[in-house]
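First up is the structure itself, then whatever we jot down about it.
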Amino acid sequence: MHFPIVALIGRYQDTGLDAPLRALAAMLTQAGRRVLVDADTARNTAVHEYPVATMQEIGESASLAVVMGGDGTVLGVARHLAPYGVPLIGINHGRLGFITDIPLQDAHDALARVLDGNFQIEERMLLQGSVWRGDALMYTASALNDVVLNRAGRGGMIEMRVELDGVYMYTQRADGLIIATPTGSTAYALSANGPLLHPGLNAMVLVPVAPQSLSNRPIVIPDTGVLNMTLTAIGRVETGASAHFDMQTWSDLQLGDRITVQRAPHTARLVHPQGYSFFSTLRRKLHWNQMPQVSDNIE
C-alpha cells in the first residue's frame, strides 16, 4: 500500500478549511489510510474526529503529508519535515501556488491517483543560513525559497562584501540581496528580475534588490559552495539590516556581522501526480502562450 499513514496540515487561521479537510479525511479513510491531523490545524478548525499529532510526531510516523493552503504554508511544513524525509503534496487554497500546484477542486482526483501509485517524487534543495557575530553563532535556519539580506524599514542602503568559498566576488550597495534556490527563483527573486531556474538544477542564484550600480546583475552559482556575506555598512540606524529565511523567520543584523549560506543537508520531497511538468506550471501561473488581443479602444 502506498502511503498508509497520511497527515493533514492546513494553513494557519484559515477559516475556510473545515469542509475540504473533512472531505479529504473521509476520502483517505475510505481508501484504507490512517489519518492524522496536525495539532495546530486541529486547534484552528473544527476537525477533531481524527488523531492529532505534533509536527515532530508527523515527521516520525507519517508516510505522506497533505498540505492545504498557499505556498507559504508549504514552505513552513517543508522545513519541518525535510529532516524526516516525509514527502508532501500541496493543495492550493491560497493565491498563486507554484508549489501547491494542485487546485482545490482537483484534490480528490489527484490524491486518488497518488494513492494508486501514479505519482512522482521531486527532491528540492534547501539552504542553510547562519548569522555570525565575531566567533559567536547568533542565529541559524533553513529555507526552501530564499535567504534575504535587506535594509530595515527606516534604514538606507546596506553594503556587503560577498565571497564564494573564500574567493572575493564583489562588494554591493543595495536595498538587499536575495540568495534563492531553484524553487525560490519563482518567488521574490523573480519579482526582482532574477532568472527562472529549473528545479532539477544543483544551483542557487544571487539577485540584488534595487542595487546602486546599474551594472549589478543576478548570478547563478553551484550549490556546492559556501557563500559568505559581511555587512560592511548600514544606513542611518543601528539595527539597519536583517536576514530573512523564507520571509518567515529572521534575525536582526549589526555592522560587521557575517552571514553564511550553503546547501542544507536535507531536501524537501514534493509529491506530484504522474505527468506533472514544471513547464506546465509556468505556463499556467505566468500566463505564457496568451497572445495579445487586438483592441479598438484608445487606452
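Here the Cβ of each residue, glycine as well, is placed from N, Cα and C on the backbone.
What Swiss-Prot annotates here:
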type     : residues                                                                                                     : note
ACT_SITE : Asp71                                                                                                        : active site, proton acceptor
BINDING  : Asp71, Gly72, Asn145, Asp146, Arg173, Asp175, Thr186, Ala187, Tyr188, Ala189, Leu190, Ser191, Ala210, Gln248 : NAD(+) binding site
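Feature annotations (Swiss-Prot) mapped to structure.
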residue: Asp71; record: active site, proton acceptor; contacts (Cβ under 8 Å, 6+ apart): Gly90, Gly94, Leu96, Gly97, Phe98, Ile99, Thr100, Ala187
residue: Asn145; record: NAD(+) binding site; contacts (Cβ under 8 Å, 6+ apart): Leu75, Ala180, Thr181, Thr183, Gly184, Ala187, Tyr188, Asp246, Met247
residue: Arg173; record: NAD(+) binding site; contacts (Cβ under 8 Å, 6+ apart): Met157, Ile158, Glu159, Pro211, Gln212, Ser213, Ala233
residue: Thr186; record: NAD(+) binding site; contacts (Cβ under 8 Å, 6+ apart): Phe98, Leu196, Leu282, Lys285
residue: Leu190; record: NAD(+) binding site; contacts (Cβ under 8 Å, 6+ apart): Leu196
residue: Ala210; record: NAD(+) binding site; contacts (Cβ under 8 Å, 6+ apart): Ala174, Asp175, Gly176
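Among the residues the record lists as binding NAD(+), namely Asp71, Gly72, Asn145, Asp146, Arg173, Asp175, Thr186, Ala187, Tyr188, Ala189, Leu190, Ser191, Ala210, Gln248, the two farthest apart have Cα atoms separated by 30 Å. All protein chains considered, the CB of Tyr188 (NAD(+) binding site) has 21 other CB atoms within 10 Å. DSSP assigns Asn145 (NAD(+) binding site) to coil in the three-state reduction, placing it in neither a helix nor a strand.
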